[in-house]
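Feature annotations, reproduced from Swiss-Prot:
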type    : residues       : note
BINDING : Asp488, Asp494 : Mg(2+) binding site
DOMAIN  : 555-617        : domain 'KH'
DOMAIN  : 627-698        : domain 'S1 motif'
REGION  : 691-711        : region 'Disordered'
Amino acid sequence: MIPQLFVESIDLGDGRNITIETGRLAKQADGSVVVRIGKTVILGTVVSSRKATPGIDFLPLTVDYREKFAAAGRFPGGFFKREARPSDSEVLTMRLVDRVLRPLFPSDYHAEVQVMIQLMSHDEEVMPDALAGLAASAALALSDIPFETLISEARVGRIDGKFIINPSRAQLELSDIDMMIGASTDSIAMVEGEMKEISEAEMLEAIKFAHEHIKVQIAAQERLAAAFGKKEVRTYEKEKSDDAIYAKVKEAAYDKIYNIAKVGSAKQERTAAFDAVKEEVKALFTEEELAENGDLVSKYFYKTNKEAVRNVTLDLGTRLDGRKTTEIRPIWCEVDYLPSVHGSALFTRGETQALATATLGTSREANQIDSPSQQGEEKFYLHYNFPPFSTGEARPLRGTSRREVGHGNLAQRALKNMIPADCPYTIRVVSEVLESNGSSSMATVCAGTLSLMDAGIQMIRPVSGIAMGLITDGERFAVLSDILGDEDHLGDMDFKVTGTSEGITACQMDIKIDGLKYEIMEAALAQARDGRLHILNILTETLATPKVDVKAYAPKIIMRTIPGNFIGALIGPGGKVIQELQKATGTTIVINEVDEMGVVEILGTDPAGIEAVLAKIESITFKPQIGEAYEVKVIKMLDFGAVVEYTAVPGNEVLLHVSELAWERTENVTDVVNMGDVFMVKYLGLDPKTRKEKVSRKALLPRPPREEKKE
């Protein structure tokens, strides 16, 4: 018997429909749905353990998003022909979903939760990452897992001033906005995206537009859950609590923490002072009490610490390090810090420091993207590294973390639209975070800008970035500029904004509270603009404009376009010509065929080597015109003529037959021309008999009068 299928539809308002269905697939999961639009099919499942994981005080949530190659009718690459570790784009989608879901579970729910979202069928007109949040939330809606409220996510674009929900990849190429928004019916929870220098007001309009569509998607989830039969929320073992212990900890610690926080101090000094207070609090309990309830003492101390620090800011407008809410930490920058790289810059803001390098190359170094939903390449990409010493820690290095992928992607999106479209280089920027106490990704944007300018990349405009925070108790609120790491953990919002003097280029926002008003978001954006323009002024004081040219030891790239039928001649049999040319000139030559033309990239540090390659290309592609005169030089003597080369393109040779030397009969070639002689010839085209090129010296000479025959 085929199980009953439950289906709900979402009208996107432009002729497209999303359907959510359940009842047939993955029924042993706590919740499962299939999301469809066009030919795209996404399976979303959620499972949670029945018991909390022992010894942890956080939510062990795992969000996994995978795109199956079969979905696009393709085979995975590699030796094993099997999907393996997730790609960067899959990791980014996992983060987008995780950041919206995580705050919505009960704070005392510590059972392991696994959300799995899989692309099972792909439609080239649909970008599946925009549907991942919908699939995850719909699966949770059908489960008995405790969950505060339903959410969904949507992508918004804008073409010619008109907003579009969930645009296709082709539409995004024309759009000046690419933002993902995650929200519940009442509140915005997450924003991330890139823009082409839009205003703060335009960004808010885009968020509001997406939110209205998200409300429709959430209503469809509610209808599906009602039709399917919403399960009763499971009971779970809640965290133990003790009001008496909390009161004792708060009474002993609150005032001391408040006084430490309002004075303002450096991170290490402040941490030591808080640790000392914690030890004083623990001393109020016996060893037996700590053995039984030590975890509660630590938990309540953290809760008291958070409350006291937040109240200092709301009461006094003072922050942990003594700054006012709008104040930015001291900044210093330096370019050309590393002597042998193509471009480098050091950016330090307070206790956060990033060292960025820029490396230039040919299209051969482009970052290749090969996933079921996207194929292509990136000629500009940025990598972000966050070593443990940057926070004074020692921990194992286990490869690139999801956080590093996410932060690097944000910085890349902030900068990429300021790279000129006609820039011939492939560019890799690497940010090494050397110190971190808040907004290291924004330090990466600033250091990345300076490293690109130092490398001689003619950026359209420099980009700066700032991380904003928020503290609110429901009645009062304080927007914080340039937040510390502690303010990120203790606050209600982490809002990163990057932009130029003309507008916003990228943003990332995570909101940890419900019901954040648009007025507060508007205030945060306005304060962020003041902050990033202040930082931008410091960047331009360090380096006002990009350096005129690349550095002497950095490669220069020259591009030439040749007819497609000459590509083979430039490469040569088995690559012989191009390999010998690269070896002889010390250059790198890359040839790409575009629209039946050959685009040749020549990369080298020696101008003479580049000129030699250009001369060779001119020689190979030189095509004389029939009837035109050209200057030639004799380079070889033969019994039946002379081999000459065009002086304009040395190496391009042609035979001048003895019969074309002069009008008079020529017995010996040397009677007319000799080695090294330079003269003009006329190009006659291909000889119909030999099919070889033919030139003539005599065709440019006056023809002697015919002798009359004697009777």
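Cβ atoms are placed via backbone N, Cα and C, with glycine included.
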Using a 10 Å cut-off on Cβ-Cβ distances across all protein chains shown, tell me which of the binding-site residues (Asp488, Asp494) has the largest neighbour count.
Asp494
Compute the average pLDDT of the predicted model within the domain 'KH' (555-617).
90
Per DSSP, what is the residue count of the domain 'KH' (555-617) in each of helix, strand and coil?
32 helix, 23 strand, 8 coil
Where Asp488 (Mg(2+) binding site) falls in three-state DSSP terms:
helix
